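Asks: What TrEMBL shows for this protein is this:
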type	residues	note
TRANSMEM	12-33	transmembrane segment
TRANSMEM	40-62	transmembrane segment
DOMAIN	41-257	domain 'Fatty acid desaturase'
TRANSMEM	74-93	transmembrane segment
TRANSMEM	156-175	transmembrane segment
Ligand SMILES: [Zn+2]
Ligand SMILES: [Zn+2]
């Protein structure tokens, strides 16, 4: 079996195996010998978040998925601190990630396919020269046209050394402990950030809920969201990759979403893409119907549960049709408003009123779908109860 494995990649092995071993030995040793200050710990945490959020907010949501547009100043910031995360250039990272989405769980094409196991998707994929890992930038021509992306790609090694050695070194001089700062803010922070980010490819494809789709292995997991700067709502993300949010509810821990929001208030980000709530609700209901049908198939049912399910499904189809016709109405009104000879002010007022009326209808529809979701949850619980042996 081992004979068929591709050769190891020596640079990646030293980064992803060598550095954690060095951190495990050197950080506690220096801690015992010399100790670390509170300031050093806080700086390590600050660097961790600066690196982590440049990957999630920059590499991932901005460059890989175009979930929003960013001011050049913000792009430079992400390019610099993202290089400090030592996860390859934006171009390589985003091209790999787009392949991951396009071919998710396909063991031949998804570079970190969860189908090849937890270890492989976490970091095994980087340690050897796997064919699924060969660079192919045909899916990233837009990024090749971005001068900031290309500058970072060309000067990647210099930038990553600057951010991982230069910046902690200067900080160490300022704090009066160069070795300790290099170990904590340089080394330990780097290793911790690596694994926190890798959790998104590994654990977030194995452990958690799948409320939006069961078509792929991606999962929603609150604990992982906490560790991964908000990227733990991975089931949502795989279905709605262009949404700038991963955690869509206000209570979902998604600091990357909050950062992008803040940047948009400051004029640094624009055109934040949000998936319409109706589509999200529809995905949840679709998944619930599928779950209910699967559960029912293995239950002795006298037909009453199936009947209830079919009635719900009928209602659901009606909601979808209503939504489609409301959307059509919206488009139609826009068209007629354009050709109307009404005065500018009058037109604006009429438009406002119509929009409000449409919004109310859509909200009512969304509410009825929410109620339907609750009923379906009860129905699924009933089916499960029935399928248990007495
Ligand atoms: Zn994924
Ligand atoms: Zn993604």
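We count from 1, first residue shown onward.
Positions of Cβ are set from backbone N, Cα and C atoms, glycine also.
Remember, it's a predicted structure, so these values are computed and weren't measured experimentally.
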Asks: State the residues, same chain only, that lie 6 or more residues beyond the ends of the transmembrane segment (40-62) and have a CB under 8 A from a CB inside it; answer 'none' if no residue qualifies.
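Replies: For the transmembrane segment (40-62), the sequence-distant neighbours (Cβ-Cβ under 8 Å, at least 6 residues beyond its ends) are 68, 70, 74-75, 77-82, 84-85, 87, 90, 93-94, 97, 167-168, 171, 175, 177, 180-181, 184-185, 188-190, 192-193, 196-197, 228-231, 244, 255-256, 259-260.
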Asks: Pop the mean pLDDT for the domain 'Fatty acid desaturase' (41-257) in here, whole number is fine.
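Replies: It averages 96.
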